[in-house]
Structures are given as C-alpha cells and as structure tokens.
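See structure below.
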Amino acid sequence: MSIASQIDHTALKPHTQKADILQLIKEAKEYKFASVCVNPTWVKLAAEELKGTGVDVCTVIGFPLGATTSETKAFETKDAISKGATEVDMVINIGALKDGDDEAVEADIRAVVEAADKKALVKVIIETCLLTDEEKERACRLAVSAGADFVKTSTGFSTGGATAEDIALMRKTVGPDIGVKASGGIRTKADVDSMIAAGASRIGASAGVSIVSGGDSGSSDY
C-alpha cells in the first residue's frame, strides 16, 4: 500500500479560500491521496471536482471543540453527506469524557454514526493532548461501542498532535478491526513511518505532497 493512499490531504484553516481547495483537489488527484479533508463549506465543491476519481471527500463535525450538541452534530453529518461527503471526522464531547459521563459521550458518537447511516465512514477525534491515558482508552472503547469506524488522535487545533505512543495505546485499545488515524504535527515521511509502525492506518496531514515527495514541511498542524 502506498503512503499517499493512507493520507487524508487536509486543509482546515479558517482562512482557507477556494483557490486553496482547488489546489488541494488537484494534488489529491495527482498523488492519489485517500481523501481530501475540508471544512463543511467546501464539501460540495470537493465532491463535484473529485467525482469518479476514487478520492474520498472527508469533512469535520463539531470541529474543533466538540462542544456542539449531539443534535447539531447529527444535522451537520446528514448535511455533509447530502453534499457528497463520504467520510466524517467528528470531535467527541471532551468535557463530558473528563467528567466521567461515558453515557453522554457514547450517545454523542452514536448520534453521528446513526446520522451517517453507513453512507460515510465515521472517525472519532478524541483530542489526545487533553486526555490522560485512562481517558484515551475510555474514549476509544466508547467510540467502538457506538459503532465508529475509526478513532483519531487530534484536531490539529489544540495543544498537541499525534504521538507514536498515543497511536500504540489507541491501537491496543480498539484492536485490529477499527481504523486508527494519526493527525496533528505530521510533516515528514519519517513521522508517517513512525505512526504506521505504531499502528496507524490513516494519516491526516496538510503536508501530504511534501511527505510523499520526501521533503519537509514547516507546517506543524493542518
């Protein structure tokens, strides 16, 4: 499997413009990335431009804080899928997890899983930099219980990104049948190799072109 085919080619900055998205799409076609990951406002354009290319359209839900209501996340999910999204990366209710309210966290994830209705992969961002190891494990177990397809480390907008240690912990927790996505701070092929060796099955990065061409990007997040 090629490195490119494991990368979600990502542009999530708030000031991203149409020209940036079109460039992202062009690169995704050229390098055959797994998907482009864009904010919901760009899903329709990305879906139109990528139709028939084999490149998926990924978007983000409850992003980047995870603090919207479950009903809002469900609506966002349905809306994104109606516009052509085939993968959604949702942020958990981080405060509820830290409060020990597992029932609320699982219900929040399940709301998105049910809204996706198997029409899109659901990746669950747990924001590892804000969690203890016990909380990371608990978040992963709740994501699996709620029916998610992937667990994911980070938004790229908080205090830290992916680490190989967190990927290994997440992989150990979810087992072999659930995807694990590393995101945040991944800039080089060495970073990617480290994450894959630790158990990642997908990489989120804005530096995809640099990674696959062997360069080094100065961008530390999305």
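Positions of Cβ are set from backbone N, Cα and C atoms, glycine also.
For reference, Swiss-Prot has these:
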{"type": "ACT_SITE", "residues": "Asp89", "note": "active site, proton donor/acceptor"}
{"type": "ACT_SITE", "residues": "Lys152", "note": "active site, schiff-base intermediate with acetaldehyde"}
{"type": "ACT_SITE", "residues": "Lys181", "note": "active site, proton donor/acceptor"}
Checklist entry - What three-state class does DSSP give Lys181 (active site, proton donor/acceptor)? => result strand
Item to check | Cβ neighbours of Asp89 (active site, proton donor/acceptor) where a neighbour is any other Cβ within 10 Å | outcome: 29
Checklist entry - Around Lys152 (active site, schiff-base intermediate with acetaldehyde), which residues of its chain at least 6 apart sit with Cβ under 8 Å of its Cβ? => result Asp89, Lys123, Val124, Ile125, Ile126, Val180, Lys181, Ala182, Ser183, Arg202, Gly204
